[in-house]
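Colleague: Taken from TrEMBL, the feature DNA-binding region applies to 16-55. The domain 'CoA-binding' annotation in TrEMBL covers 79-180. The NAD(+) binding site feature in TrEMBL is assigned to G90, A91, G92, N93, L94, G95.
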Amino acid sequence: MEDRGISQAVIRRLPRYYRYLGELLEGGVERISSNDLSKRMNVTASQIRQDLNNFGGFGQQGYGYNVKYLYTEIGKILGLEEDHNIIIIGAGNLGQALANYAAFEKRGFILKGIFDVNPRLAGVTIRGVPIRMMDELRSFVANNEVDIAALTIPKDKAEEVADMLVENGVRAIWNFAHIDLNLPDNVIVENVHLSESLMQLSYNISRYNEEHQK
Ligand SMILES: NC(=O)c1ccc[n+]([C@@H]2O[C@H](COP(=O)([O-])OP(=O)(O)OC[C@H]3O[C@@H](n4cnc5c(N)ncnc54)[C@H](O)[C@@H]3O)[C@@H](O)[C@H]2O)c1
């Protein structure tokens, strides 16, 4: 998928630019050169120029980038100018950790509901949001605008719950269950697997060790 002709590789890097530019804005910085941004972000200045050139000619020689403008433009590309309503399915360790993480709200991801099958969790609230039982899910999705469903349930339940969500109109899944979901093309899935990130770390440790033994 391409966005305004911008490659997925660039899109993957945008959240990091967005985070740094947000910090600069909070610190009152109005403009920054690609060299300064490069030092902060530990990315080459030429990579930054290449990436940010995708958004038009607002990096000017001798002036640098207009931080507010770039932040706003990247926010638009990432679809962050509108809020997204989220529900979490599975209120175990991970689901509760996500629900407790208030900072998502600052980015416009609003927690609307939490669901589980465990009756002992019924009515427990997390940051004011009650954990509901799964038999309420259908009517909840029908009566509330739900943009994203996070799946933090066991993997053998994930496919069936994802199907049910999709049947009821949910179009984006943030999938933490260790399974590749088989869903229609019009459903957008983002898989988050911390163990894959750990394996990447492990690979980098091995590579570092090998290189430094030579
Ligand atoms: N992607 C990652 O990086 C990552 C990291 C940790 C865990 N996980 C995965 O996330 C899932 C949750 O992990 P956890 O440690 O929170 O487990 P957990 O056992 O603490 O929580 C799972 C919750 O799901 C509920 N549940 C079970 N079946 C359900 C269903 N059909 N509908 C709704 N809720 C249901 C359970 O009652 C429980 O509260 C697991 O699949 C785990 O493998 C993924």
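In case you wondered, yes, glycine gets a Cβ from its N, Cα and C as well.
Bear in mind that TrEMBL entries carry predicted annotations, made automatically and left uncurated.
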Colleague: Who are the long-range neighbours of the DNA-binding region (16-55) in its own chain, taking Cβ under 8 Å and residues 6 or more past its ends?
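Modeller: For the DNA-binding region (16-55), the sequence-distant neighbours (Cβ-Cβ under 8 Å, at least 6 residues beyond its ends) are 4-6, 10, 63-68, 70-71, 73-75, 77-78, 80.
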Colleague: For the DNA-binding region (16-55), give the DSSP counts of helix residues, strand residues and coil residues.
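Modeller: Its residues divide into 30 helix, 2 strand, 8 coil.
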Colleague: Other than G90, A91, G92, N93, L94, G95 themselves, what residues in this chain have Cβ atoms within 8 Å of the centroid of the NAD(+) site's Cβ atoms?
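Modeller: Other same-chain residues with Cβ inside the cutoff are I88, Q96, A97, L98, D116, T152, I153.
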Colleague: Tell me the coarse DSSP state (helix, strand, coil) of G90 (NAD(+) binding site).
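Modeller: Assignment for G90 (NAD(+) binding site) reads coil.
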Colleague: Within 10 Å of each Cβ, count the other Cβ atoms and name the one among the binding-site residues G90, G92 with the highest count.
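Modeller: Answer by Cβ density within 10 Å: G90.
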Colleague: Taking all residues of the domain 'CoA-binding' (79-180) together, what is their mean pLDDT?
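Modeller: Across the residues of the domain 'CoA-binding' (79-180) the model's pLDDT averages 96 on the 0 to 100 scale.
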Colleague: Any idea what DSSP makes of G95 (NAD(+) binding site), helix, strand or coil?
Modeller: helix
